[in-house]
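If you check Swiss-Prot, you get these features:
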- CYS101: active site, nucleophile (ACT_SITE)
- CYS194: active site, cysteine persulfide intermediate (ACT_SITE)
- ALA6, MET7, SER8, GLY9, GLY10, VAL11, ASP12, SER13, LEU32, GLY125: ATP binding site (BINDING)
- HIS126: site 'Interaction with tRNA' (SITE)
- GLN331: site 'Interaction with tRNA' (SITE)
Amino acid sequence: MRVLAAMSGGVDSAVAAARAVDAGHDVTGVHLALSRSPESDRTGARGCCTIEDARDARRAADILGIPFYVWDLADRFETDVIEEFVESYAAGRTPNPCVRCNERIKFAAVLDKALALGFEAVVTGHHARLDPDGTLRRSVDPDKDQSYVLGTLRPEQLAAARFPLGDSTKAQVRVEAAERRLAVADKPDSHDICFISHGDTGGWLRERLGPRPGPVIDATTGQTLGHHDGAYAFTVGQRRGLKLGRPAADGRPRYVLDISPVTSTVTVGPAEALDVRRLVADRAVWPHEGAVSCLAQVRAHGGVVPAVAQARDEELVVTLTTPVRGTAAGQAVVLYDGDRVLGGGHIRTTGG
């Protein structure tokens with residue numbers, strides 16, 4: 001099979017490409033240039049698609065003896081991931097850019113181009129498993145499982161995907177990389193949002209959106225507890241950095257409950273007010289009929305809770321048997337039957 005291996009410059013994608021070669025496939029490596037920021041060209045820079053990442057990917061391809069190319073998808077990434085990220089925060093939502101990148105870049109822009117060039121599949125270093133029938137499952141490594149950020153992919157996207165690492169732990173991948181003499185064997189994992197390398201999401205958004213001051217209101221008393229420079233810098237469930245000028249009347253900690261972009265108002269309240277028992281998701285991938293008992297996951301590294309999911313018109317309604325705390329519109333909800341992904345969508349509204 002002629003396959004395209006997406007090589008980020010990290011250890012996972014390098015070993016995934018190596019395993020594709022071992023499986024007898026005709027493999028070509030490609031590194032995605034997703035940023036035109038001058039910072040990404042600086043030696044030692046961190047973040048999205050730095051020059052060092054491209055070099056690491058090329059070195060790995062050379063060791064594997066496969067052709068290697070760099071594809072410039074910066075404009076597409078800006079439009080489909082970064083702009084959507086900014087617009088979501090400006091609208092009071094909390095997006096997951098990794099989910100969006102998989103939906104629109106790796107398994108849309110890259111996959112479409114790969115198929116047009118005659119490749120039959122795209123290989124990535126995601127920690128997830130795919131059955132021959134296209135069923136997506138969790139990785140055997142629960143700490144590194146990435147099925148959540150893949151859980152909103154459509155069946156036709158999964159049909160052309162290959163995840164060679166799903167049956168291995170991250171420790172095993174690193175050992176294998178060292179045995180193959182890949183220089184990235186000990187390269188640290190990336191944890192930040194890739195295009196916000198310094199980790200200050202609020203500051204990065206402020207540069208894009210400018211100051212939009214407003215009040216911080218207590219939901220219990222209606223009192224103004226403080227002021228902020230931009231509601232977009234907050235997320236539902238946040239406790240730290242609320243800029244409260246006075247304590248709440250009951251003396252208890254306060255958490256962000258709601259964000260109103262129209263009035264630039266941030267509403268805070270006690271922790272129990274964050275409990276969510278019902279989610280409505282759109283842009284859903286849900287091929288099931290009727291009410292389905294399942295397990296729901298609403299964060300990339302969160303746990304699961306029992307739920308019942310049912311399609312309603314173009315929406316997916318998820319009722320949680322056990323409430324989850326601090327779930328925000330914009331996040332993904334992915335639904336499981338054991339380790340099997342049933343489908344998912346993007347949370348539009350939540351309810352207590």
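Each residue, glycine too, has its Cβ placed from N, Cα and C.
Feature map: Swiss-Prot annotations on the structure.
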{"residue": "ALA6", "record": "ATP binding site", "contacts (Cβ under 8 Å, 6+ apart)": "SER13, VAL30, HIS31, LEU32, LYS106, VAL110, VAL122, VAL123, THR124, GLY125"}
{"residue": "GLY10", "record": "ATP binding site", "contacts (Cβ under 8 Å, 6+ apart)": "ASP53, ASP56, GLY125, VAL184, LYS187, ASP189, SER190"}
{"residue": "ASP12", "record": "ATP binding site", "contacts (Cβ under 8 Å, 6+ apart)": "GLY125, HIS126, HIS127, LEU165, LYS170, VAL173"}
{"residue": "CYS101", "record": "active site, nucleophile", "contacts (Cβ under 8 Å, 6+ apart)": "PHE77, VAL81"}
{"residue": "GLN331", "record": "site 'Interaction with tRNA'", "contacts (Cβ under 8 Å, 6+ apart)": "THR94, PRO95, ASN96, VAL298, ARG299, HIS346, ILE347"}
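Counted within 10 Å of its Cβ, the other Cβ atoms near CYS194 (active site, cysteine persulfide intermediate) come to 22, all protein chains included. When the alpha carbons of CYS194 (active site, cysteine persulfide intermediate) and SER8 (ATP binding site) are compared, the span between them is 11 angstrom. According to DSSP, GLN331 (site 'Interaction with tRNA') is assigned to coil rather than to any helix or strand.
As a whole number, the greatest separation of Cα atoms within the ATP-binding residue list ALA6, MET7, SER8, GLY9, GLY10, VAL11, ASP12, SER13, LEU32, GLY125 is 15 Å. Annotation note: ASP12 (ATP binding site) sits in a helical segment as assigned by DSSP. The Cβ neighbour count for LEU32 (ATP binding site), using a 10 Å radius over every protein chain in view, is 26. Candidate recorded positions: SER8, HIS126. Fewest other C-beta atoms within 10 angstroms, SER8.
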